[in-house]
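Straight from TrEMBL, the features:
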ACT_SITE  E181  active site, proton donor
ACT_SITE  E261  active site, nucleophile
DOMAIN    34-348  domain 'Glycoside hydrolase 35 catalytic'
DOMAIN    396-507  domain 'Beta-galactosidase 1-like first all-beta'
DOMAIN    537-598  domain 'Beta-galactosidase galactose-binding'
SIGNAL    1-20  signal peptide
Amino acid sequence: MTFSNIRIILLCFVSANTLGVPRNFNVDYKNDCFRKDGEEFRYISGSVHYNRIPRAYWKDRLLKMYMAGLNAIQTYVPWNFHEPSRGQYNFSGDRDLEHFLQLAHDIGLLVVLRPGPYICGEWDMGGLPAWLLNKKDIVLRSSDPDYIAAVDKWMGKLLPMMKPFLYQSGGPIITVQVENEYGSYFACDRDYLRHLTKLFRSHLGNDVVLFTTDGAGVRYLKCGALQGLYATVDFGPGGNVSVAFDAQRHAEPHGPLVNSEFYTGWLDHWGEHHSTVSTAIVAKSLNEILAVGASVNLYMFIGGTNFGYWNGANAPYAPQPTSYDYDAPLTEAGDLTDKYFAIREVIKLYRKVPEGPVLPSTPKYAYGAVQMKKLHTVSDALEVLSLSGPVKSIYPLTFIEMNQAFGFVLYRTKLPVDCSTPTPLSSPLNGVHDRAYVSVDGVAAGILERNKALTINVTGKAGSQVDVLVENMGRINYGKDINDFKGLVSNLTLGADTLTGWAIYSLSIDQAVSQGLLWEPGSGEAAPPPPSPLSVPTFYGGAFVIPDGIPDLPQDSYIRFPNWRKGQVWINGFNLGRYWPARGPQVTLFVPAIILSTAAPNNVTVLELEADPCTPGHCTVEFTSTPVLNATVNSDHKHQRALFRRDDLL
Ligand SMILES: *[C@@H]1O[C@H](CO)[C@@H](O)[C@H](O)[C@H]1NC(C)=O
Ligand SMILES: *[C@@H]1O[C@H](CO)[C@@H](O)[C@H](O)[C@H]1NC(C)=O
Ligand SMILES: *[C@@H]1O[C@H](CO)[C@@H](O)[C@H](O)[C@H]1NC(C)=O
Ligand SMILES: *[C@@H]1O[C@H](CO)[C@@H](O)[C@H](O)[C@H]1NC(C)=O
Ligand SMILES: *[C@@H]1O[C@H](CO)[C@@H](O)[C@H](O)[C@H]1NC(C)=O
Ligand SMILES: *[C@@H]1O[C@H](CO)[C@@H](O)[C@H](O)[C@H]1NC(C)=O
């Protein structure tokens, strides 16, 4: 490079940034490209959801994305993550979106922002807050006035926060997506999209590029594209790239080609085989996309984890597991893969990738087996789990009616008649959302499961206590069934009678776990139940110490559950998520080192819903250094999939 070249570059830099000449980013319809500060520009972006990664790891993941040769990242903003109850906002800690954007900016990554309000994303209710269902017949993602009022208020909070991060204001955000794959939704309400467009413009101004994303088919773009929003498409590897972009051209005859979701892998469901997509096919299609000069976003570049209760579900009801590894180029734990390096090689053909070593995968440590002991059954711990006590109701109430969004609710009643012979206890189809653990007088009687297990037999005397613990396994995040109420959404029947006279307990399990309340001894030791294939939902606890004298501990780990069947696990009060090795394919849960302590024993609390792993013999959980996400599955429904498109979910 000659001296004069350098001077010109410096001059450009100075004039664009210091001398107040506005930074600009826009669509050039004449030349079919984006323009950044006047220069032709295309982005090669990767999806990373800050809400699926602990804050302490954001920088590591973003640096690895930068080193892969990406010049941008893409993230959703899940509304329900930031407004957990109406009017109560949380942008701190792991929810500190501004910090995340600032990190990306500091590293040199541009941002494609997808603030919804609906995001899909295999996230509970597609990011919409469950409290919207307080209006029973609300039409989500439409001009329904109550929905619009809530959206206006939320966007009135979020978008002004985002404005300083726009490229035009000196920040990293180059484009902002409005809604998400709206053309796949039944409502097809153009007034709603028009309203969102006006709303986004009123907060963000007229300069920012607003866009939509829809499946690469004319039928999706029909209801998804709107004048004033730049229409882009999404499609996975293995198809015909030029045919896919023809669909975009149908809606957008001129301007840059953009694939907003190029699938590097695919999502999982409990009870279905782990999805993988070959590196060769990803590399080949990426090369074809870049060769036609398109902008692209790799979905996901790192999937991360559905910690806590955040996973979503597809319909017919099929919840996603805790891991959102996605077979992405960076693993759930942020580790480098062959796919990462193959993608980097493809990008190298089109743009200079940063030199220097790529940050290594983080080391993992196998802390070994941890002895667990039984603490309390859920039914015995109601005093600490349900501080407000029960709500009495003739018929069952939903989670929302109980003012609870996530987790578990206990429904208690009595057998109205003697059931000396096995008597069917039943729910209608789709009546239990999503899984109900039934016991009679403290003895497990069976499990009802949404659309799958509708009847169990119970025996007992009239007046026996019936406890039905109902688990919310994640709200549907895609399609017409996103109004997904939880709990007993229909009556249960015993023989020919409708069960009535319920005492319904809202449970604050997370609070009780983090305050250590479940570790306190109970009021009386219950006699051990008879050995049985099924046990009542029970808490177990154990602790382990990080060994001394080994450098760089604590490190990340994985936890597995030999002899356990299904439940929820917390470490030091942090809700790691659901485990369900009995169904698969996920067997281990990611344990980020950031939640571990060297100063005190680390407390593991498990709520096991089905089986007592402690009889016979001793029960342990195990910390290992390798993940298992692809065990053989144990399920009656296995729908196989050949293509990687939204159509798979219809
Ligand atoms: C906000 O979210 C952070 C991160 O999840 C959490 O630690 C904190 O307790 C939340 N704050 C409130 C007030 O709930
Ligand atoms: C993609 O489809 C176009 C139009 O049908 C066809 O001309 C082209 O050969 C196909 N490309 C590949 C790689 O199959
Ligand atoms: C319930 O008991 C009846 C009669 O013993 C039996 O035929 C039926 O299979 C049982 N149903 C279930 C779900 O166990
Ligand atoms: C239960 O049945 C009663 C009486 O038929 C009905 O009014 C009520 O809506 C039902 N409850 C649920 C949750 O389906
Ligand atoms: C685990 O629980 C014990 C007993 O309640 C407590 O002393 C300790 O600080 C806890 N460990 C951590 C890491 O919070
Ligand atoms: C699961 O994945 C591991 C690591 O990629 C692989 O070695 C193993 O063969 C896979 N197992 C199954 C059952 O597919």
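We number each residue from 1, going along the chain as drawn.
Using the three backbone atoms N, Cα and C, a Cβ is placed for every residue, glycine included.
Those TrEMBL annotations? Automatic predictions, nothing curated.
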Nearest-integer angstrom distance between the alpha carbons (Cα) of the residue listed as 'active site, nucleophile' and the residue listed as 'active site, proton donor': 11
Residue distribution over DSSP helix, strand and coil in the domain 'Beta-galactosidase galactose-binding' (537-598): 3 helix, 26 strand, 33 coil
Coarse DSSP state, helix versus strand versus coil, of E261 (active site, nucleophile): strand
Three-state composition of the domain 'Beta-galactosidase 1-like first all-beta' (396-507), taking helix and strand from DSSP: 0 helix, 57 strand, 55 coil
